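For 134-188, 203-225, 262-352, 365-384, the entry in Swiss-Prot reads region 'Disordered'. The annotation compositional bias 'Polar residues' is assigned in Swiss-Prot to 149-170, 280-316. The compositional bias 'Pro residues' annotation in Swiss-Prot covers 178-188. Under the heading compositional bias 'Acidic residues', Swiss-Prot lists 321-337. Taken from Swiss-Prot, the feature zinc finger covers 561-602, and the record attributes it to sequence analysis. Residues annotated as Zn(2+) binding site in Swiss-Prot: Cys577, Cys580, His598, Cys602.
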Amino acid sequence: MREVNFSIPNVNKASVNITTTLYDRRALDCTSTLPLINSLNHLAYLTTSSARIRDILTVDGGIERLVCILKEGRSRDLMEMWKWSLAFQCVVNIGVRGSESVRTRVVEADMVPVIATILDNYIKVVDKARARADSESQRQSSRHHSKAVPTSNDASGRSSFLEQSSTAEQRTSRRHAPPPSIEIPPQPFFQENHVADSNVLDVASPPRVPMTSPPERSTFGQDVHHHRTNEGRFAHGNHRHRMQPLATALPSMDAADGFGLRPVRDNERLPSMLPGFHTGLTSQPDSPTTPNAPVQPRSSAQATIARQRPSLRQQQSASGESDDGNGDGSTMDEDPASTEAAEPIVGLQNRMDIDDVGERDTILGGVSDSHDLTVTDPSEEQEAETFNITHRSTVDGSMINTDNAQNNAALGLSPTQAADNANSPALVPSPYSLYFRDRTTTAAHGVLTTMPRDEDVLMSLQLLAYVSKYCNLRSYFQHSHFVPKLKIDRELQMLEEGTSPIDLPEEEDEYLLPDDVNIFPLVEKFTVRHHSKDMQYWACVVMRNLCRKDESRGGIRQCAYYKCGKWEEFQRQFAKCRRCRRTKYCSKDCQKAAWVYHRHWCHTTP
């Protein structure tokens, strides 16, 4: 048998590969990156469309080989990243679209540690970005506060001075007669100065716009007139009279108004009256192919405001959305009497009410303060029920054809512009990737290339939602570990400012690590509002699967508090949460401790 890397020059590919019509297990053992990417690209399509291929992968060791590719870790090399993403996509396709036996094989192939590491890395990056953003905002606010105190005093002094001066000017204008209007010189004088004015007329100026400011602004800067001679004033006034008659710019007023009209010089105009400012405020076309205009000076301030996000407590008070799968948190102030009357809970001698939980204000206050977010979540405005499991290629502002995107997702196509993902914005850029992208350090870009994408987290949560509903597999989720080669602790350590890079301890072999990681607490963190709604939805599905009864053990349930894990000795031994009637707790202490995160996925049952 020939080597799997043996190439055929006339077709420029490996001799053993996977196509859309042929599956060969030997192609997955290829050690060359490029032919392996080609095979994985076609395998992604096959795992999406063919149930037979998914079944074959569970018995020929294909799933184990794909998981081994994932455990090798993500690299900064473009081709390696592409290979890793395609292998991950294949495993997700097998687990999501496969049968119960196929999903069981995915879990038994040790895919849960890979998912746990991806979720843990994302949480660490989120916490790092939020911590740095909070520290910078506090530093800027303290600096702004120190500068704002003297500025406010000076501003108040200047404003009082201006008010007094304006009052004095108004009183003076009431007492004295209005100043005489400027007379236009006779025609012979204009002819004598025609040569001098012709030089001024040679300079083309933009068309003047009608002045919409009140007539009082025409007297602004009267002290400038004292520095000019009468001849210059007449010549300038005559020039303005020829270029733009004042009668066309201002509405006509009678002589009884109290003052006459005179031309307005450019140095007397307010900034809002200058033609250059009006031309700069013209609306730009909204065509996606038209390049944007240069950023105005105030756009940076607007961008800063746009990238800020209200805290979790403010969102709870301002949000009017329902408490469904989108993941909006619920409060504990509702009276559950009506809910109990509609569907009473049976077999509960030690009934526990959510409203009876003590010290709820302290718990909720601590959670709200600890989950404030200072970065924007761009996916909140999207109401997508599905997601594209392929790479999201970079865009330049042009319109996206949704039909083509869906076809690419079905075919498992990969992008050709993935090389720019670390430096250019994606279709829906993560707020945390935007935060690190603004940092031009090498460490920040290293985190960008190794950190999980939003698509990776979303696919991980979706895969967990499909495989976690089988109670016989729950031990795989509650006793797992992290993959050493997938962890990004070294990259996160390099982000610390003012600290020298330290050598982290050498990575241990994975088989030596204890299975002491429970994946459900990691998933529960994605039910908090500052994550996207899709992440909240699938995380809530996973947490509700934790509350399923185990029919193989007589229909008993497990305590929903992850640190407890106690099982019922008989049916209906534990009390249900009175609000959602899904979770069960063995005691009030477990219920109070679990409410910190359970409140984010505790949805009222109709």
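Cβ atoms are placed via backbone N, Cα and C, with glycine included.
Across the zinc finger (561-602), the model assigns an average pLDDT of 90. Here the binding-site residues are Cys577, Cys580, Cys602, and the one with the most other Cβ atoms within 10 Å of its Cβ is Cys602.
Here the zinc finger (561-602) has, by DSSP, the following mix of helix, strand and coil residues: 11 helix, 5 strand, 26 coil. Around the Cβ of His598 (Zn(2+) binding site), the same chain contributes Glu524, Ala560, Cys577, Thr583, each under 8 angstroms and 6 or more positions distant in sequence.
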